[in-house]
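This report refers to the structure that appears directly beneath it.
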Amino acid sequence: MKAATLGLCVKWALIGALVGVVANYYLYRVWLPIAPFVYQAF
Amino acid sequence: MTRKADRSQDRQAAPHESGRNSARFASFVVGAVLAFAICAAVGWKASSSNIFRDFGRFHTRLSPESFFQPTAREVMALARELLDKNKVNVVIGGSSVFYGVGQPEGQTIADNLRRDLGENYRVINLAMRGGDVSGIAEQTVEMLLREQYRVVYVSDIAVGGTVTLLGSTPYQYYFWDARARNMLIDWPARDQRLTLPWYAEQRMSAMLNKYLYFMDLWNTIGYDYVFTVYSTLIPGHFWQARKDLPDNEIDPPEQFRYRNGELELQLIKRISEMPTEPEWTLVGTALETALPDVVRKSAVLAVCENSPWLLEQAAPETQAIRKAMRERMVKRVMEVGPSSLLACEGFEKDDYIDRVHLSVSGAAKIAPRLADRVRATSRNNGWVQ
Amino acid sequence: MIFFSHQFAVFTGLFFIAYWAVPIPLARRLLLLLASVTFQVHFSGPAGVLPIIVLAVGTYFVALSRNRLLCALWITVCALALIFYKYTHFLFQGIIGVAFPDLAKSGEEALAGILPTLPPLGVSFFVFEFVHYLMEIRRGHRPIRSPLTFALFTSFWPSLVAGPIKRYRQFSVSLSHGARNVSSDDVIAGMVRLAIGICKKFLGDVLTSWIQSQQASFDVLPLSVRWGIVVAIAFRILLDFSGYSDMAIGFARMMGIRLPENFNWPYIAHSITDFWRRWHISLSTWIRDYIYIPLGGSRHGLMRKSLNGFIAMALCGLWHGAAWNFALWGVYHGVGLAIAGALPLPRLLSEKPPLVFSSFRPAALAATWLAWRGFSWAATMLFVMIGWLLFFYPVDQAFHMTLRLFSH
């Protein structure tokens, strides 16, 4: 595999990993009873 | 819409299916899935052993009040470390009274009880401010009983109070967590009441956490490294690892005691005047629904009266109503299983810091009374001679 | 909010797995419709979905007729529906009740049985999209013939709660693209956008909690903290709202559908005009296209232009909520826009360096221009931040807080 492709893979795997962590954190935060700030719901 | 525009978006967003694009997509998906899975695995691993160090109680900076929501697995891991299957274990639950508002660490009811009971007993304080007889402590008792621990559950209950089905609102997540993991005692009387529409979200949250351990993971991160949620209880340093924030409960100096005396007196009067069922059977029914029978049989519920200093200031008829009510409470509680006692009889002004909370001296006074009941319950259950 | 629940998370997860797994465009569209209807029904609140269905069906058939008068009539019906559901209480309490309290009371009592406690979910967005659609038909554009496409335009779940406000021609094109071919680029871009939105929302929540814990003692806080609160309020609303928009845009992108952008770095704006080109773009362009321009826009002299701006911005303010402070916030920005557009100084500030400096050497010119630019940016931000006080607090409190920003 070319170095450029490898670099690309690592970069996007890291971005994917960040997204995965955010998804996990989202699930955690959603369970906390924090009154949400509502800008415009209707 | 035009076909030209349609084609132009297709062209713009169409995958230029080269190897590089596939590699990019594959890497992204693998990274995301792997990271998510690792989070779940780390969460599972983290709550497989005790994360809490030098545990005294779930003080305000280590409790759902400040968005730290200990999970059933975490509390059980803690309990397994502090308790002992070969001894009689005392789990303290209830409200801020038994949690120990007004009693610094080392001088709480739990600490006094531990000293009074001696080496043959283990004591853990799982009471929460604003808590109830049902709730985190009681549900932990269920889990411990299922693991063949010998447990006496000790909780306070207010005069004229009753018991919620799943514990006070901020702590109900724990019930759903424990239930989703099938750690609780099977109790059909309670299950039949789980029909309210707003339980659906809690049920779903607990079901997701059962497999994904996100609460366990972020609790551990928040306890050991950095906390990510702002709390008004820890305004200046909410991000700080919760392990570094000590129990900050104080023995309030004289000028901070009975600060709202007049208001509290009015409250006593109001509570006494509230129309109640004459025989107050409500508390018995609620206890039977919320607590499985094995827990009730092994429970000591202390009926705690308000500060006598305030009560004596109330009108004679108010005092009479209170007296009748507290005696009725003990009777009703005893009828459905638990050992019950009027735990604060003969206490004085200084044994309280306000209408309901006991001072350091109050904690020292109440502990021997509770210890007697704990010993008696242990004897009744055949655990000690 | 709705995007922040585990039920929603499960709904989303199941939906996307099905959407990506189904390769047939029609099946994808049907699936999207099913999901959107489920979403709307589940989260619709006490008003239910009937009002929206009635308005949508009417809009669909009126548009098909291409009759300009009918379109105008139905636009009126939509607007009246919005007024009824969202502004009845405000009309009675905030306007009629001021002069005729008894009349307001009896009016509210008469409507008590009909008016739901909360407006139908997303009614402001529905109505604005219907009005846009009918206005475009009146202007001679072709209506959507397919009931399925129109139903999807109406009920598309990602933008249901907080926009962005869609434009039907762009959406129809994008929808057919998404149904045919979701690329890996779309999925990645959508997920990253979604994650960014989530992070913004949570960061906004931290600021919200901090603001709430501080605002009660605003008066006695040190001046620097008072300014800190005002800055935090500005960032809280940006992070929260643009985070929500990012999530909506991200969800849509994961389906291969592009929604209009809503924000473009609004806090680097160097004039009020520039700010409104960058803030809540889908709303500001809607206001421009369907209120400001039909009123005459800038075509009838400075006075008329300013008046049109006031009306458009007051309505823009009221769209955010049924209360006087929202209307005043709109007018406040209307004044800002009028001044920015009318006076030479702000124009000089916002556009180019004053000509008087053109005889300077290039370096001096650049430095001066930068200073002007910095000043215009700071002045714009000050104006916008004080505006947020008006947006979030009752008028007298906002006024008091503003005074306290400039006194010890």
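The backbone N, Cα and C atoms fix where each Cβ goes, and this holds for glycine too.
Residues of the same chain lying 6 or more positions beyond the ends of the transmembrane segment (C:7-27) and with a Cβ under 8 Å from any Cβ of it are 35, 38-39, 42, 176, 179-180, 182, 187, 251, 254-255. TrEMBL lists C:7-27 (among others) with the feature transmembrane segment.
What TrEMBL lists as transmembrane segment is C:39-62 (among others).
Annotation source TrEMBL lists transmembrane segment at C:69-90 (among others).
Residues or ranges marked as transmembrane segment in TrEMBL: C:110-135 (among others).
Residues or ranges marked as transmembrane segment in TrEMBL: C:147-165 (among others).
The transmembrane segment annotation in TrEMBL covers C:227-249 (among others).
Residues annotated as transmembrane segment in TrEMBL: C:307-324 (among others). Sequence-distant contacts of the transmembrane segment (C:307-324) (same chain, six or more residues past either end, CB-CB distance under 8 Å): 86-87, 89-90, 94, 124, 128, 283-284, 287-288, 291-292, 295-298, 330-331, 333-335, 337-338, 341, 391, 395.
Here the transmembrane segment (C:370-393) has long-range neighbours at 230-231, 233-234, 237, 266-272, 274-275, 320, 325-326, 328-329, 332-333, 336, 346, 348-350, 353-354, 401-402, 405, meaning same-chain residues at least 6 beyond its ends whose C-beta is under 8 angstroms from one of its own. Annotation comment: TrEMBL describes C:370-393 (among others) as transmembrane segment.
Long-range contacts of the transmembrane segment (C:110-135) within the same chain: residues 40, 43-49, 51-52, 55-56, 59, 62-63, 71-72, 74-75, 78-79, 81-82, 84-86, 88-89, 143-144, 153-154, 159-163, 165-168, 283, 286, 289-290, 294, 319, each at least 6 residues beyond the stretch ends and with a Cβ under 8 Å from a Cβ of the stretch.
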